[in-house]
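So the structure is just underneath, and the comments pick up after that.
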Amino acid sequence: MNASPFATMNRRQLLQLAALLGGAGALAACGGPAVGGAGGAASDAATDWAAVTPAQEITWWSNHPGTSKDIESEIIKRFTAETGIKVNLVTAGANYDEVAQKFQAASGSSNVPDLVIASDVWWFRYMINGQILPLDQLAKHLEFGTDDFNTTLYNDYGFADSHWAVPYARSTPLFYYNRAVWEKAGLPDRAPKTWAEFDEWAPKIASAGEVMPLGLGKGTSWTAWWFCNMLWGAGGAYSSDWTMTLDTPEALAAANYLQTIIYDNKTAAVTSNDHVADFGAGLTGCTIASTGSLTGILGAAKFEVGTGFLPEGVKGPACPTGGTGLAIPAGKSPEQQLAAGMFLKFLTNAENTAYFSSNTGYMPVRTSAVEGETMQAVYAKMPQFRTAVDQLAGTRVQDWGRVFVPNGDKDLTTALEKIMLQQGDPAEAFATASASITKSYEENVKPYL
Amino acid sequence: MSLDAKKLSPVKVAEMPPWPGGAAGGTPQEPARRRIQAGGYLMMLAAVAVMVLPLVWMMLASFKERDEIYTVPIQWLPESFDLSNYAAALAAVPFGNFFINSLITTLVGATLKIALGLTTAYAVVFLEFPFKNLIFGLVVFALLVPQQIVIIPNYTLVSDLGWINTYQGLILPGLASAFGTFLFRQHFLTLPVSVLEAAALDGASHWTRLWRFVVPISAPTIAAVALVSIVSEWNEYLWPLLVVDRAEMMTLPVGLTLLQNNDGVTNWGVLMAGTVLITVPVLLVFFLLQRRIVSGLTSGAVTG
């Protein structure tokens with residue numbers, strides 16, 4: 001597998017995309033206009049960063065992933081002490097989607113932040129709208145040391161020979177289990193290696209703990225993310241480049257398996273709106289949750305929590321990356337952009353990514369931080385964290401149909417929730433999602449590539 | 001037409017139909033009617049349960065420890081009515097600040113909405129001017145337009161005016177209340193025109209007629225519009241989220257998100273305590289205005 005999913009783009013497509021970005025074409029359906037002529041690839045290449053003096057005050061819009069407001073504030077304090085640049089931290093929403101709504105609304109105005117959360121399902125939309133700056137030239141000028149970023153995580157933001165964001169609060173889904181229930185059930189102290197093994201274990205888990213064996217979560221930015229594990233593990237995919245592939249036998253097998261464990265085996269369920277809290281309260285024997293939930297779960301659970309890789313499917317292991325990166329809006333002055341770049345470099349350096357990770361559970365985004373002193377101390381105190389970091393090696397970037405097409409994630413979530421909550425026909429639910437995503441691609445993406 | 005007394009045969013008491021629910025039994029339709037009535041009450045009870053039980057649960061959960069919330073089977077009552085969740089909620093976010101912001105935006109916003117609704121409806125009903133019906137048609141059409149459609153133009157305008165993080169930015173874009181105008185207009189059509197004509201003959205201006213005559217006899221409708229306006233202003237989430245960047249200007253619903261924990265474990269006891277603090281003021285307003293609401297919402301339902 002290529003490190004970057006964008007290797008399949010041909011020269012003509014690259015040139016078309018460069019033209020689009022140079023002209024800052026707007027996508028009305030994406031919810032916000034382009035940010036004038038400053039947007040797109042041309043603005044970064046044309047800026048002589050050496051001649052720019054950084055602004056003394058910038059604004060950062062965050063949703064404080066993993067309850068990280070205090071951690072973010074502390075990093076800001078350190079940055080201001082070192083550079084004298086003030087950073088205004090704004091709570092721009094309760095989740096990635098709300099930050100995106102606010103950013104889309106603001107993009108036609110003068111109230112755009114200097115730094116914005118850009119999640120896996122949103123950054124591409126910002127990019128194609130000409131709303132964010134390609135960071136390569138700025139990163140080169142500031143000597144970011146981008147080669148030290150985890151390759152998969154950094155390449156998640158690559159398109160058209162540019163990187164449009166840097167990794168920040170990055171996560172993967174992780175398998176969490178209740179060790180007390182496992183022990184009572186006489187199971188080995190590890191996650192099931194495969195879904196077939198989970199099926200063997202599930203009745204023992206149910207009877208030992210008098211709990212629902214597996215609690216599953218629902219909702220946008222979530223359902224279609226963890227389902228990647230079952231889907232890819234079965235040999236399926238949401239899409240191949242821009243072509244939807246939900247009608248393949250492998251994709252349907254994954255959906256049928258999900259429905260089977262819920263309705264036939266009764267070994268999994270969407271227990272409530274907060275499956276993480278349900279697991280922490282001991283209502284489910286195990287769950288799939290973000291690595292970003294790790295410290296929260298360990299703090300809340302009254303039992304010992306075990307973590308493991310996601311179970312493998314018939315075609316082997318499968319795990320998506322997720323979470324959010326940070327992008328610099330295109331419509332700001334070079335002075336603001338330079339100051340934002342300086343803060344971005346500081347925020348994601350080895351020391352601060354380790355500090356952020358150790359306090360939240362998100363991945364350290366730099367390889368040098370993974371084996372650094374701070375993280376070693378974390379692994380010693382919290383061995384579960386090591387699982388999350390180790391699983392990163394087996395991750396792959398996400399299918400374009402989910403993360404690059406406007407409303408792709410939403411349509412897939414609707415389909416999966418129909419399958420999970422209404423026992424809907426998988427083929428029918430997937431066909432509806434495919435048609436909707438294909439239409440969205442044809443209208444909102446294809447004309448601009 | 002007179003009745004011919006001779007043609008009226010006397011009715012014997014024994015032949016008279018029994019009083020509904022009386023001792024003498026019932027008409028053949030009575031059991032059916034009772035069943036329908038009972039069914040109606042059951043449906044009403046079910047509807048009330050659907051609406052009230054979550055509120056009861058929220059209230060009780062706000063006193064519970066984390067473990068008590070997640071019990072199977074469900075445990076309704078808390079072990080003790082402990083206020084620690086409220087203390088935690090108040091400590092976690094500046095609730096006082098949020099409360100004042102919500103109070104200002106709600107009181108000013110609702111008052112101006114009512115005033116604009118009253119004056120617009122008065123003009124549409126009692127003044128003669130060109131394209132009156134077309135203008136009212138546009139007001140009704142505005143009811144059909146989802147708020148989301150105008151959010152981006154409104155945001156751009158507010159930003160260009162420099163009203164981000166200001167009370168005017170929070171309040172002004174939502175003032176044009178098509179709902180209030182429509183309801184007031186329907187009510188005004190039922191008012192006795194003679195009263196206003198008499199006032200006009202006495203030299204009362206339109207302004208005087210509106211505030212001295214129309215408003216006092218429209219109290220139930222004003223109460224209904226007031227309640228709807230207060231509740232919608234108080235609960236407004238998306239617009240304050242967009243136009244407020246600073247914590248000190250946040251309203252309660254937006255501020256409450258600071259208690260939530262995305263990609264973590266939400267402490268639902270604390271969140272419920274925060275939600276109770278937001279909900280109680282609106283419930284109090286509702287109980288204060290409820291007598292007038294039904295009559296207000298139904299006034300103008302029959303015209304002509």
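For all residues, glycine too, the Cβ spot is worked out from N, Cα and C.
Values in this document were obtained by computation on a predicted structure and should not be read as measured data.
Taken from TrEMBL, the feature region 'Disordered' applies to B:1-30.
According to TrEMBL, the transmembrane segment annotation covers B:41-60 (among others). Below 8 angstroms of C-beta separation, residues 76-78, 272, 275-276, 279 of the same chain, each at least six residues beyond the ends of the transmembrane segment (B:41-60), sit close to that stretch.
Under the heading domain 'ABC transmembrane type-1', TrEMBL lists B:99-289.
The transmembrane segment annotation in TrEMBL covers B:103-127 (among others).
Taken from TrEMBL, the feature transmembrane segment covers B:134-155 (among others).
Nonlocal intrachain contacts for the transmembrane segment (B:167-184), taken as residues 6+ away from its ends with a CB within less than 8 angstroms of a stretch CB, comprise 101, 104-105, 108-109, 112-114, 116-118, 120-122, 124, 139-140, 142-143, 150, 154, 157-158, 161, 218, 221, 224-225, 228-229, 233, 236, 239-240, 243-244, 249, 251, 296-297, 300. Residues or ranges marked as transmembrane segment by TrEMBL: B:167-184 (among others).
According to TrEMBL, the transmembrane segment annotation covers B:210-231 (among others).
With a cut-off of 8 Å between Cβ atoms, the residues of this chain six or more beyond the transmembrane segment (B:268-289) that come close are 55, 58-59, 61-66, 69, 85-86, 88-89, 92-93, 95, 99, 102, 223-224, 226-227, 230-231, 234-235, 252-253, 256, 259-260. If you look up TrEMBL, you'll see B:268-289 (among others) marked as transmembrane segment.
Non-local neighbours of the transmembrane segment (B:134-155) in the same chain are 120, 124, 173, 176, 178-179, 181-182, 185, 238-239, 242-243; each lies 6+ residues outside the stretch with a CB under 8 Å from one of its CB atoms.
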